[in-house]
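Undergrad: Here you go, one structure.
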Amino acid sequence: MVAQLEYVKRVEPLMKDMAKTHGSTFTFDHLPLQQGGSLSPVTIAYETWGTLNDTGDNVILITHALTGDSHAHDPAHPGNCKMAWWNPLIGPGRVFDTDRYFVICSNVIGSCYGSTGPTSPDPRTGRPYGMRFPVITIRDMVRAQHRLIEHLGVRHLAMVAGGSIGGQQALEWGVLYPDLMDKVVVIAATAALTAQAIAFNEVGRQAIMADPNWYCGDYWPGSGPSTGLAIARMLAMITYQSEEVMEQRFARKPVQQAMAPSPANTPELGGRFDVENYLYHQGNRLVERFDANSYLYLSRAMDLYDVSEGYPSLEFALRRLQSKLLLIGIRSDFLFPAAHVRWLAEKVRSLGGDATYIELDSPHGHDAFLKDWDQLTIALQQF
Ligand SMILES: CC(=O)SCCNC(=O)CCNC(=O)[C@H](O)C(C)(C)COP(=O)(O)OP(=O)(O)OC[C@H]1O[C@@H](n2cnc3c(N)ncnc32)[C@H](O)[C@@H]1OP(=O)(O)O
Ligand SMILES: N[C@@H](CCO)C(=O)O
């Protein structure tokens, strides 16, 4: 009881400040987990735009990436990607047309934007789960989303679409619930992560866990391993871009904008390059808005994803797909290389599936799915 009161007093206001929960929440009793154990209760934060039709089938489900949230669209700021992460693609007359479709985006379990995650109170103790939160997978996220759409009265999905970890979720939707949707759009994601991508994630996690303020995950939100989280983000930001665009943007220029504090307040060794300042800024921004334990769990879910898990083979899993599949690769993505995305499309086709591959000719690397609006719109319109 004392622990619960302490939680309410200390954690909830911090979480409200740090992670703006948009929209509504849905809570259900129990979710069995792929790696064993279960979560109960489970809350999912979500937003919807547009109107569900009488037959419950004019629905597009949008799935978000690692540090994303349910706020994919902001009707008050149409098209502005600073206000909502897929705003240029969603809205009246846009490619995800809210005049025609009921568009849903939910925050994944494990996150810190309103869904049950490591910062949520563990019902056994009343204290934040921290590292007592169970290991969750992309399949668990999708099963939780499935409970949400049932709750919303959805009978059939016109489309599930997402990029990066959102793309992993979209693919998982297609394989796990094959008769529930017409189309699946997987952007910058593959059937399983490469060793190189797992390696980058692990270095980021090690940076968090090596921070003396991590306390094995038992920090109070707001006072956690900010240095470790910032370093993890700096490393990850390099993987979200490309050598080409970093040369275009930064080259060897000295710092151009206001000096951002470096994560460890290190002395500058002979000045500061612009690219370093940029990374410091991005690291600090993530610390302001994200929880380090959530970062550990979600990046691990990304690593653990393998669409064939639990099936006799990859072919068996992919043969389950019944919907039309659009796979979008990004020419300059080295986290989910375009060749691997193309390979998946070819594999699905070789198994008799309906898969289209489109490659974005973008220099922006992995995060092109969050910036190359014209190319994304054209690809999605064609589909
Ligand atoms: C589903 C999801 O994935 S949701 C999560 C997506 N959001 C994020 O990943 C948040 C981090 N943001 C980003 O990575 C990017 O802003 C993107 C991918 C969303 C968009 O890319 P871009 O438009 O190229 O943005 P860019 O990489 O320039 O970053 C913009 C920020 O960097 C800052 N910045 C840009 N250049 C510099 C520089 N040279 N030095 C210091 N800071 C810089 C900008 O001031 C801006 O800061 P702000 O976010 O505090 O306003
Ligand atoms: N920039 C995205 C990329 C991860 O795939 C995020 O932070 O969620």
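A Cβ is built for glycine as well, from the same backbone N, Cα and C atoms used for every other residue.
Take a look at what TrEMBL says about it:
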{"type": "ACT_SITE", "residues": "S164", "note": "active site, nucleophile"}
{"type": "ACT_SITE", "residues": "D333", "note": "active site"}
{"type": "ACT_SITE", "residues": "H366", "note": "active site"}
{"type": "BINDING", "residues": "R233, D367", "note": "substrate binding site"}
{"type": "DOMAIN", "residues": "59-366", "note": "domain 'AB hydrolase-1'"}
Undergrad: Pop the Cα-Cα gap between R233 (substrate binding site) and H366 (active site) into the table, whole Å please.
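TA: Roughly 14 Å, rounded to the nearest whole number.
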Undergrad: Given the recorded positions D333, D367, which one has the fewest other C-beta atoms within 10 angstroms of its C-beta?
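TA: The recorded positions D333, D367 were compared, and D367 has the fewest Cβ atoms within 10 Å.
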Undergrad: Averaged over the whole of the domain 'AB hydrolase-1' (59-366), what is the pLDDT?
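TA: It averages 97.
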Undergrad: Do any of the recorded positions R233, D333, D367 touch ligand 1, in the sense that the CB is under 6 Å from one of its atoms?
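TA: The recorded positions passing the 6 Å Cβ test are D367.
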Undergrad: Compare the C-alpha of the residue listed as 'active site, nucleophile' with the C-alpha of each of the recorded positions R233, D333, D367, and give the closest one.
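TA: That would be D367, nearest by Cα distance.
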Undergrad: Rounded to the nearest Å, what's the C-alpha distance separating R233 (substrate binding site) and D333 (active site)? Just drop the number here, would you?
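TA: That separation, Cα to Cα, works out to 17 Å.
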Undergrad: Within 10 Å of the Cβ of S164 (active site, nucleophile), how many other Cβ atoms are there?
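TA: So the Cβ neighbour count for S164 (active site, nucleophile) comes to 25.
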Undergrad: What kind of secondary structure is S164 (active site, nucleophile) part of, going by DSSP in three states?
TA: coil
Undergrad: What does the structure give for the C-alpha distance between D367 (substrate binding site) and D333 (active site)? Integer Å is fine.
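TA: Rounded to a whole number, the Cα-Cα distance is 8 Å.
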